[in-house]
Amino acid sequence: MQELVIRRPDDWHLHLRDGGVLRGVIGDTSRHFARAIVMPNLVPPVVTSADAAAYRQRILAAIPAGDRFEPLMTLYLTEGTDPDDVEAGYGSGLVKAVKLYPAGATTNSHSGVRDIAKAMPVLERMAEIGMPLCVHGEVTTPEVDIFDREAVFIETVLDPLRRRLPDLRITMEHVTTKDGVDYIKEHAGNLAGSITTHHLIINRNAILVGGIKPHYYCLPVAKRERHRQALRAAAVSGDVRFFLGTDSAPHVDPLKECACGCAGIYTSVNTMSCLAHVFEEEGALDRLEAFTSLNGPAWYGLPANEETITLRKANEPVRYPAKIETEAGLITVFDPLFPLYWAVA
């Protein structure tokens, strides 16, 4: 049996939701991951440091006994966000980053930014104090094709923002295109990118071929195969600017399996198994630790975890549940469409 020992991983982009869903999903992350950047797009969103402190307490209360897990809190950027509150939250260590959602870009993003100029006082303060900005990198203007949203965002929003505030540390979250990968590679400095598990595995065919597959629908939407290959190359390269952010996003089945289904794929259950498969397929198992456990902490100015986990490759496929039960209902687990042989021991 093949074994791989790596430092305990972190998840640099995670949705935990709240209430019954939070209590149902938190263990799937805390079992294997030491830390996670927790997204603030609740209803209502986490917009102040006080909101973040209260949400953090709800997360801590939901962690299964015996698990050691640290939620890293973020604030939801609005056009009315108070720079002083942001600085105070960051200075206290409570808040690790601010999240920019263009209004309407994804789940619970209607409170997001419509005019980035109105958020400039906060962004200028963040640049001064070295606080990271996590960006959902898509435009939402109706004339832009959904498959082009990321490339247009880079050209019309991200690049001008970086020119105006070159000291602002920006995480381009859930990169989905070759355009995004190339932009990060070509622009040294305060820029890095997270990559999801599922975007390394599926392209847009998974959603559309043979019928609509709602459990492969996410935002940013999966793209063409050439983009998936670019993401794989970046993830397995060892480049310190790329790291894991699963964007694991639980929705109960009725919210996915309907006429207007929610965007999000739930990967927390089997992410490490999927990633071991991908990195083995690419001949890069020796660089899995960098992607999951080293590059992210380095970017966020945190020490790498001292604890380790062991991944073992079995002779027979590992069985994962197709769904998990929560107080709010069933949530479908990501199916990578191939058998998984690696599992955390």
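Start at 1 and count along the chain as shown; that gives each residue its number.
Using N, Cα and C of the backbone, Cβ positions are placed for all residues, glycine too.
Listed in Swiss-Prot:
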- Asp247: active site (ACT_SITE)
- His13, His15, Lys99, Asp247: Zn(2+) 1 binding site (BINDING)
- His15, Leu16, Arg17, Asn41, His136, Leu219, His251, Ala263: substrate binding site (BINDING)
- Lys99, His136, His174: Zn(2+) 2 binding site (BINDING)
- Lys99: N6-carboxylysine (MOD_RES)
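Shown on the structure are the features that Swiss-Prot records.
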residue	record	contacts (Cβ under 8 Å, 6+ apart)
His13	Zn(2+) 1 binding site	Ile37, Met39, Cys134, Glu173, His174, Ser194, Thr196, Gly245, Thr246, Asp247
Leu16	substrate binding site	Leu22, Val25, Ile26, Thr29, Ala36, Val38, Met39, Ile59, Pro71
Arg17	substrate binding site	Val25, Leu42, Pro250
Lys99	Zn(2+) 1 binding site	Met39, Pro40, Asn41, Thr74, Leu75, Tyr76, Leu77, Leu133, Cys134, Val135, His136
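The Zn(2+) 1 site is set by His13, His15, Lys99, Asp247; from the centre of their CB atoms, other residues of the chain with a CB within 8 Å are Leu14, Ile37, Val38, Met39, Asn41, Cys134, Glu173, His174, Gly245, Ala249. Here the Cα atom of Ala263 (substrate binding site) is found 12 Å from that of His15 (Zn(2+) 1 binding site).
Annotated pair His251 (substrate binding site) and His15 (Zn(2+) 1 binding site), C-alpha to C-alpha distance, rounded: 10 Å. DSSP assigns Lys99 (Zn(2+) 1 binding site) to a strand. Taking the Cα atom of each, His15 (Zn(2+) 1 binding site) and Leu219 (substrate binding site) are about 13 angstrom apart.
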